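Here's a structure for you.
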Amino acid sequence: MSLQMVTVGNSIALIQPGFSLMNFDGQVFFFGQKGWPKRSCPTGVFHFEVKHSHLKLKPAVFSKDSCYLPPLRYPATCTFSGNLESEKPQYIIHGGKTPNNELSDKIYVMSVVCKNNKKVTFRCTEKDLVGDVPEGRYGHSIDVVYSRGKSMGVLFGGRSYIPSAQRTTEKWNSVADCLPHVFLVDFEFGCSTSYILPELQDGLSFHVSIARNDTVYILGGHSLANNIRPANLYRIRVDLPLGSPAVECTVLPGGISVSSAILTQINNDEFVIVGGYQLENQKRMVCNIISFKDNKIDIHEMETPDWTPDIKHSKIWFGSNMGNGTVFLGIPGDNKQAVSEAFYFYTLKCAEDDVNEDQKAFTSSQTSAEDPGDSTPFEDSEEFCFSAEANSFDGDDEFDTYNEDDEEDESETGYWITCCSTCDVDINTWVPFYSTELNKPAMIYCSHGDGHWVHAQCMDLAERTLIQLSEGSNKYYCNEHVEIARALQTPKRVQSLKKPPLRSLHKKGSGKIITPAKKSFLRRLFD
C-alpha cells in the first residue's frame with residue numbers, strides 16, 4: 001500500500017466532505033460539490049483526473065433531455081448494468097442532502113450518451129416510485145442484486161430528520177435512525193416494497209455493503225439510538241421467482257466494529273476497507289481485506305499504510321473510492337498556520353495496476369451526517385464511501401480545467417444579484433422555478449438606460465411570456481422602469497378605417513329607410 005499527497009488547483013474549494021466519485025469505463029467523475037453549481041459547470045459534475053500527483057477537475061455536460069440534478073452530498077449510489085449484457089453501466093443515486101440542508105427522497109439514473117476524445121455527455125433521468133417509497137435519508141446503502149435473469153435494487157439503513165410533529169426550532173435538524181426495513185426497488189417499473197426481517201433489530205447508518213449476485217452483505221455501521229458500532233455481519237439474500245420476491249437475512253460471524261469506512265475493490269473476489277471510526281472520537285487506522293471464496297466471506301487485517309503525522313493527528317477524515325484499488329482521502333488543513341488550505345488530499349493505492357476490468361461485484365455508498373462546520377468533529381464523520389471499478393488514466397489532457405478565477409463578476413453580469421427592491425432570489429436557497437431553468441434563475445434584460453438584468457421570477461413573468469420575450473428582439477422594461485419607458489415611447493400611428501357612406505347602407509329596391517336613430521348607431525359602430 002502506497003500513500004501519495006495530491007495537489008489541487010483553484011478548484012480545491014469544490015471538494016468538501018460528502019462528495020462522490022463515479023466511474024464510467026475507466027474515467028472517474030466528481031459529483032456533490034458544496035453549494036449550487038456555477039455557470040462554468042451548470043451540471044455540478046466534473047471529470048476527476050489525477051496525473052503526476054496533481055488533481056484537475058474539468059466540467060462535464062448533460063444532454064438536453066436530462067432532468068435537473070441538484071448537487072447532492074452524502075447520497076447512496078451503486079452501478080447498474082441492467083438485465084442485458086449489451087446495456088451500458090448506469091449509476092443509481094438515491095437520497096442525500098441538498099445545499100438547502102434538505103434530504104432528498106428521489107432516485108436518479110445517470111448514464112453516458114456520448115463520449116469522444118474531448119468530452120463526455122451524460123443523461124440524467126428521475127425515477128418515480130410507487131408502493132412503499134423510502135423516505136429521504138443519508139448514510140444508507142443501495143445495491144443491485146441479480147437472480148433468475150432479473151435484477152432488483154436493495155436499499156437499507158440511513159438517517160432522516162425526526163418526524164415533523166417532533167421538530168422544534170431548536171431541534172429542527174435533529175436526526176434519527178431510519179427503521180431497519182429492507183426496500184426492494186424495481187428500477188424498470190418503479191415499484192418499491194418494504195420488508196421487515198427479524199434479524200435486523202436496529203437502524204444502521206454509515207455501514208459497508210457489498211453486492212454479489214443475489215446477495216448483499218452488510219458490515220459494521222453505527223446505531224444512533226444506542227450510540228454503538230456493533231460488530232455485525234449480515235447476509236441478505238434475494239430470490240426473484242416469477243411471483244413475489246423472497247428475502248431472507250442471516251447473521252454471520254466474523255464482523256468488525258467500524259463506521260464511515262471507504263471500500264475499494266482490488267480484484268473480483270477481494271475488497272479493502274480503509275478509514276472509518278471505531279469510537280466516536282477515534283479514527284480506525286487499521287485496514288481490512290474482505291475475501292470471497294466458495295460463497296464464504298473472510299475478513300482479516302492487512303498491512304497498515306504508512307500514515308503521515310498529519311493524518312494520524314487529524315480528528316476527522318473523509319474520502320471516496322476512485323476504483324482500481326485506489327482511495328482518495330482528505331483531512332482538514334492546519335488552522336494554526338497563517339496561510340493554510342481548507343483540506344489536504346492523498347491517494348492511497350491498495351492494489352496493483354493490472355486489475356481485471358470485468359468486475360462482477362459492485363459496492364454501494366454510505367455517507368455521513370454533517371459538514372465539519374455544522375457538527376461535532378467526531379460524529380461518524382464526513383465520509384462518502386462507495387466502490388466502483390476503474391482504470392488508470394491515460395491520454396492527453398484535452399479538457400478545459402475548471403478554474404474558479406475564471407468565473408465572471410456576477411454582481412455585474414447577473415444571476416446572483418439583487419435585481420430590484422423586492423428581489424428575493426438567494427444563492428443559498430434558490431431552486432428551479434421555471435421548467436426552462438437548470439442551474440440558475442431565469443433572467444430578462446431591461447432596456448432602460450444602459451440596461452440591466454432582472455430575475456423573471458421577481459418580475460412575475462409567466463414562463464410563456466418569458467420565452468416569447470427571450471426569443472424575440474423586442475425591448476423589455478422591468479417593473480421599476482416600465483412607466484418611464486411608456487412615457488418615452490411614441491404611440492404607433494394607426495391607420496383609420498375607411499367609413500362607407502351612409503347612403504350605401506340603403507340597399508336599392510329593399511324599400512327600407514335608414515332612420516336618424518339607426519344612423520347614429522351606425523356612426524358609433526364604425527367610429
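Just so you know, glycine gets a Cβ as well, placed from its N, Cα and C.
From a predicted model like this one, the values you see are computed outputs, not experimental measurements.
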Among 81-100, 361-380, where does TrEMBL put the label region 'Disordered'?
361-380
With an 8 Å cut-off on Cβ-Cβ distance and a minimum sequence separation of at least 6, pull the same-chain contacts of Cys446 (Zn(2+) 2 binding site), or say none.
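The list for Cys446 (Zn(2+) 2 binding site) reads His452, Trp453, Val454, Tyr476, Tyr477, Cys478, His481, given in order along the sequence.
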Measuring CB to CB from Cys423 (Zn(2+) 1 binding site), give everything in the same chain under 8 Å that is also at least six residues away in sequence.
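Once residues fewer than 6 apart are set aside, Cys423 (Zn(2+) 1 binding site) is near Ile417, Val454, His455, Cys458.
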With an 8 Å cut-off on Cβ-Cβ distance and a minimum sequence separation of at least 6, pull the same-chain contacts of Cys419 (Zn(2+) 1 binding site), or say none.
Val425, His452, Trp453, Val454, His455, Cys458, Cys478
Mean pLDDT, the domain 'Recombination activating protein 2 PHD' (414-491)?
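Across the residues of the domain 'Recombination activating protein 2 PHD' (414-491) the model's pLDDT averages 77 on the 0 to 100 scale.
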Using all protein chains shown, find which of the binding-site residues Cys458, Cys478 scores highest when you count other CB atoms within 10 A of its CB.
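Top count of Cβ atoms within 10 Å goes to Cys478.
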Other than Cys419, Cys423, His455, Cys458 themselves, what residues in this chain have Cβ atoms within 8 Å of the centroid of the Zn(2+) 1 site's Cβ atoms?
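Those within range, site residues removed, are Ile417, Thr418, Cys420, Thr422, Asp424, Val425, Pro441, Val454, Gln457, Met459.
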Apart from Cys446, His452, Cys478, His481, which residues in this chain have a Cβ no more than 8 Å from the mean position of the Cβ atoms of those residues at the Zn(2+) 2 site?
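After dropping the recorded site residues, what remains is Cys420, Tyr445, Ser447, His448, Gly449, Gly451, Val454, Tyr476, Tyr477, Glu480.
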